[in-house]
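> Here it is, the structure in full.
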Amino acid sequence: MLLWASLLAFAPVCGQSAAAHKPVISVHPPWTTFFKGERVTLTCNGFQFYATEKTTWYHRHYWGEKLTLTPGNTLEVRESGLYRCQARGSPRSNPVRLLFSSDSLILQAPYSVFEGDTLVLRCHRRRKEKLTAVKYTWNGNILSISNKSWDLLIPQASSNNNGNYRCIGYGDENDVFRSNFKIIKIQELFPHPELKATDSQPTEGNSVNLSCETQLPPERSDTPLHFNFFRDGEVILSDWSTYPELQLPTVWRENSGSYWCGAETVRGNIHKHSPSLQIHVQRIPVSGVLLETQPSGGQAVEGEMLVLVCSVAEGTGDTTFSWHREDMQESLGRKTQRSLRAELELPAIRQSHAGGYYCTADNSYGPVQSMVLNVTVRETPGNRDGLVAAGATGGLLSALLLAVALLFHCWRRRKSGVGFLGDETRLPPAPGPGESSHSICPAQVELQSLYVDVHPKKGDLVYSEIQTTQLGEEEEANTSRTLLEDKDVSVVYSEVKTQHPDNSAGKISSKDEES
């Protein structure tokens, strides 16, 4: 129902304060025309009376003005003229004109009739002499003729009922009696309200108070009214309420438009609305765009998160933040929100992410760019050593597996040679003259690390050496001889290349070389 969250402000019906209200005279019986000799009671209303207070009455006739002081707030009168009353400290009331007539037929009407009231007109004959029929005219036109009721009732009176009224009475012997003319003017219950705003050109993010002001007449100051508020003729800002004020806690540029309010009686028979009021919400352009990082200073750690923070010093409304890298045309990210700052997270930063970054902010006046911030990426301590250690370990394990496979192969061949002695083709060739009768399989295998660089650069190698020695029958018994002293030594080199952190493929290459 509401475009944004609105709060109703509690306030009395707009108008004058109670101290400035005029007193109001009420008449009993409630007419303004009487026959001579009749008595009428006037009451001065509109303020609180105390026993010791008195009321001043003013009576103006053709001979002048007469003052009467009464101990209470009532006065009994029998003379024609204008009557006013005044209490201590109050202004004079509006005048009430009374007419005491000597005619045989009078038209009686109430002192005041307001729009929405029922207008009652009474055709009255002196001394209660009977009438057989009554005719009412309005501006010379016959309004009604009745032989049952001498009163005329006009419900829901309005200004359309203003005019000159008269009644004509008919007696038993076809006598005709004509009353005085009575001009009736229906009074306005309240004027069209006026919508007021604390600021018709507010800045975005501020509040605006709206008030729907109208004024009830003193005679009807106790009439309850309901109020509501609209925008652009359709958007309802509030339901009907007895409070004539509305607070808009926060306004934005889209809240600009034509505002108006309505006031009506509780019964809803009188409804009026105010002229429109244009409200233009002002937007402050963004300025002071700044790009920062978390961690601060543009110092990022490889593998960890980097947060790019884009902020503005000023600017209201929806702001679109966009992050960019100098060597890229496309935006890294974009966010639109009502705030002075926004964040973009880069989950795992890498060396390739180093470079110049900047951001822009735009709240419909065009993008404003920040200064370029240089982001550097440093390696995580221990990251390179870990890669080297892993590469070296992998190389050694590969060499060890190769040695085990070679021993197993020789064992299988030796076992096969025993079981097939009759097969000449499967026996090894006989040794030549002067040659020792050696086994073709090594008797001992030694794995030795030749070189490990704990701080390799890109392309560094890790070498491992596998030495195999073939022993004769005599030499097998002599275990004190070193492997490197044997002339028949087989050396296997294993080359392990380690990966530099920039190698995104994450591969470690290796190459075996036998000599």
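Every residue gets a Cβ built from N, Cα and C, even glycine.
Per Swiss-Prot, the features are:
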DISULFID  Cys44-Cys85  disulfide bond
DISULFID  Cys123-Cys167  disulfide bond
DISULFID  Cys212-Cys261  disulfide bond
DISULFID  Cys310-Cys359  disulfide bond
DOMAIN    102-183  domain 'Ig-like C2-type 2'
DOMAIN    193-271  domain 'Ig-like C2-type 3'
CARBOHYD  Asn374  N-linked glycosylation site
REGION    494-515  region 'Disordered'
MOTIF     449-454  motif 'ITIM motif 1'
MOTIF     461-466  motif 'ITIM motif 2'
MOTIF     491-496  motif 'ITIM motif 3'
SIGNAL    1-19  signal peptide
> Which of the three DSSP states, helix, strand or coil, fits Cys261 (disulfide bond)?
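SS state of Cys261 (disulfide bond) = strand.
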> Please report how many Å separate the Cα atom of Cys44 (disulfide bond) from that of Cys212 (disulfide bond), as a whole number.
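Just about 30 Å between their Cα atoms.
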> Provide the number of Cβ atoms within 10 Å of the Cβ of Cys167 (disulfide bond), excluding the reference atom itself.
28
> Measure from the Cα of Cys212 (disulfide bond) to the Cα of every one of the disulfide-bonded residues Cys85, Cys123, Cys167, Cys310, then give the nearest.
Cys85
